[in-house]
């Protein structure tokens, strides 16, 4: 009979009965490809705390790197403050994403991470994770894969801002969200925007007025339906074409 003591220990220390083995987004996160023994070792270092409330920050720019954060539910935005004191959003993180990679190179966070809605995160002490990854090749490979995905996303964002017009930027943003929701088991055609239009405009380098005008244009063209923060994609193929995504790269 398998002992349940380690699990009991995790529940007491983390305050939550959900473990990596039971997590619905584990295939997108660090646990992917790990065997049961490796999962148990990872599970024992993860801290699961109370929900992060809307507006609450996981960390601030300048904070020492102590942990990486795996999002279990909710949405987190990453942003920096420019020399002029303006906020610049650099990423929107969904369930399954790992936040904090950019702090590894300098041992401190160069950006802020703030919850856009009530969110649940798994806090993973970085030094212990780094030590474990040296002993577990599969864990190291998965961390590298997650880092690679983040670099790929940054490259796509550079292309988006430098080569695409306003209409193409918003279409690409919505198509990307649709794809990410689908990967997480949610509907790729119906979803709620957890970020404001101001946040979207900030991220895409567009004004709030431009975002609102384009959403109205997309709705008039029957590409999508907009009801407040709720988006329904009516013509996925047309949105995909407008976003500049080929069927081969889908």
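Using N, Cα and C of the backbone, Cβ positions are placed for all residues, glycine too.
Straight from Swiss-Prot, the features:
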BINDING   20, 23, 29, 122  [4Fe-4S] cluster binding site
REGION    23-32  region 'Essential for the oxygen-regulated activity'
REGION    50-53  region 'Activating region 2A'
REGION    74-78  region 'Activating region 1A'
REGION    119-124  region 'Activating region 1B'
REGION    143-162  region 'Dimerization'
DOMAIN    164-237  domain 'HTH crp-type'
REGION    184-194  region 'Activating region 1C'
DNA_BIND  200-219  DNA-binding region
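Distant neighbours of the region 'Activating region 1A' (74-78): 51-52, 58, 89-95, 97, 99, 111-121, 194-195, 199; these residues of the same chain sit at least 6 beyond its ends, with a Cβ under 8 Å from one of its Cβ atoms. The average per-residue pLDDT of the prediction over the region 'Activating region 1B' (119-124) is 92, rounded to a whole number. Taking the Cβ of residue 122 ([4Fe-4S] cluster binding site) as reference, residues of its chain lying under 8 Å away and at least six apart in sequence are, in sequence order, 46, 47, 48, 69, 70, 72. Broken down by DSSP into helix, strand and coil, the region 'Activating region 1B' (119-124) contains 0 helix, 6 strand, 0 coil. Beyond its flanks by at least six residues, the region 'Dimerization' (143-162) meets 29-30, 91, 98, 101, 129, 133, 168-169, 172-173, 204-205 of its own chain at Cβ-Cβ distances under 8 Å. Beyond the DNA-binding region (200-219), the same-chain residues lying 6 or more positions past its ends with a Cβ under 8 Å from any Cβ of the stretch are 87-90, 92, 160-161, 166-167, 169-171, 173, 193, 225-226, 239. Under DSSP, residue 29 ([4Fe-4S] cluster binding site) is assigned to coil, being neither helix nor strand in the three-state scheme.
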